[in-house]
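See below for the structure under consideration.
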Amino acid sequence: MGVALGAGLAVSIAGIGGGIGMGIAGGKAFEAIARQPEVGGDVRTLLFITLAFIETLTIYGLLIAFMLVGKA
(Lines of atoms letter the chains of each structure in order from A and count residues from 1; the text may use other names and numbers.)
(Lines give C-alpha, C1' and ligand atoms only; values in the text may rest on other atoms or scores of the structure.)
Protein backbone atom coordinates (compact mmCIF):
# COMPACT_ATOMS: atom_id res chain seq x y z
CA MET A 1 0.00 0.00 0.00
CA GLY A 2 2.85 2.38 0.74
CA VAL A 3 4.31 1.94 -2.74
CA ALA A 4 0.98 2.75 -4.37
CA LEU A 5 0.63 5.82 -2.20
CA GLY A 6 4.13 6.97 -3.10
CA ALA A 7 3.47 6.42 -6.81
CA GLY A 8 0.23 8.36 -6.63
CA LEU A 9 1.89 11.22 -4.81
CA ALA A 10 4.74 11.32 -7.33
CA VAL A 11 2.36 11.64 -10.26
CA SER A 12 -0.04 14.06 -8.59
CA ILE A 13 2.57 16.44 -7.22
CA ALA A 14 4.47 16.45 -10.51
CA GLY A 15 1.25 17.07 -12.44
CA ILE A 16 0.03 19.85 -10.17
CA GLY A 17 3.43 21.54 -10.12
CA GLY A 18 3.77 21.27 -13.88
CA GLY A 19 0.29 22.66 -14.46
CA ILE A 20 0.87 25.62 -12.18
CA GLY A 21 4.26 26.30 -13.78
CA MET A 22 2.84 26.14 -17.29
CA GLY A 23 0.01 28.48 -16.35
CA ILE A 24 2.35 31.05 -14.85
CA ALA A 25 4.78 30.84 -17.79
CA GLY A 26 1.98 31.15 -20.34
CA GLY A 27 0.40 34.08 -18.55
CA LYS A 28 3.66 35.99 -18.30
CA ALA A 29 4.45 35.27 -21.96
CA PHE A 30 1.08 36.64 -23.06
CA GLU A 31 1.59 39.71 -20.88
CA ALA A 32 4.96 40.28 -22.55
CA ILE A 33 3.44 39.90 -26.02
CA ALA A 34 0.61 42.29 -25.12
CA ARG A 35 3.16 44.84 -23.89
CA GLN A 36 5.49 44.52 -26.90
CA PRO A 37 3.76 42.86 -29.86
CA GLU A 38 6.85 43.17 -32.09
CA VAL A 39 8.73 40.52 -30.06
CA GLY A 40 5.81 38.09 -30.09
CA GLY A 41 7.58 35.50 -32.25
CA ASP A 42 10.66 35.36 -30.03
CA VAL A 43 8.62 35.17 -26.84
CA ARG A 44 6.42 32.44 -28.29
CA THR A 45 9.46 30.37 -29.27
CA LEU A 46 10.95 30.69 -25.79
CA LEU A 47 7.57 29.84 -24.28
CA PHE A 48 7.36 26.57 -26.23
CA ILE A 49 10.88 25.59 -25.17
CA THR A 50 10.07 26.42 -21.54
CA LEU A 51 6.83 24.42 -21.67
CA ALA A 52 8.73 21.44 -23.05
CA PHE A 53 11.16 21.55 -20.12
CA ILE A 54 8.31 21.83 -17.61
CA GLU A 55 6.52 18.88 -19.23
CA THR A 56 9.75 16.87 -19.06
CA LEU A 57 9.79 17.27 -15.28
CA THR A 58 6.19 16.06 -15.14
CA ILE A 59 7.10 13.00 -17.20
CA TYR A 60 9.96 12.32 -14.76
CA GLY A 61 7.36 12.17 -11.98
CA LEU A 62 5.44 9.57 -13.99
CA LEU A 63 8.65 7.62 -14.57
CA ILE A 64 9.37 7.58 -10.83
CA ALA A 65 5.84 6.28 -10.21
CA PHE A 66 6.40 3.44 -12.71
CA MET A 67 9.70 2.60 -11.02
CA LEU A 68 8.03 2.48 -7.60
CA VAL A 69 5.22 0.25 -8.82
CA GLY A 70 7.70 -2.00 -10.63
CA LYS A 71 9.59 -2.66 -7.39
CA ALA A 72 6.46 -3.79 -5.55
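Using N, Cα and C of the backbone, Cβ positions are placed for all residues, glycine too.
DSSP assigns Glu55 (site 'Reversibly protonated during proton transport') to a helix in the three-state reduction. Counted within 10 Å of its Cβ, the other Cβ atoms near Glu55 (site 'Reversibly protonated during proton transport') come to 13, all protein chains included. Annotation comment: Swiss-Prot describes Glu55 as site 'Reversibly protonated during proton transport', evidence class sequence analysis.
Residues or ranges marked as transmembrane segment in Swiss-Prot (evidence: sequence analysis): 4-24 (among others).
Listed by sequence, the residues of this chain that lie at least six past the ends of the transmembrane segment (46-66) yet keep a Cβ under 8 A from its Cβ atoms are 6-8, 10-11, 13-15, 17-18, 21-22, 25-26, 29. Residues or ranges marked as transmembrane segment in Swiss-Prot (evidence: sequence analysis): 46-66 (among others).
Below 8 angstroms of C-beta separation, residues 51, 54-55, 57-58, 60-62, 64-66, 68-69, 72 of the same chain, each at least six residues beyond the ends of the transmembrane segment (4-24), sit close to that stretch.
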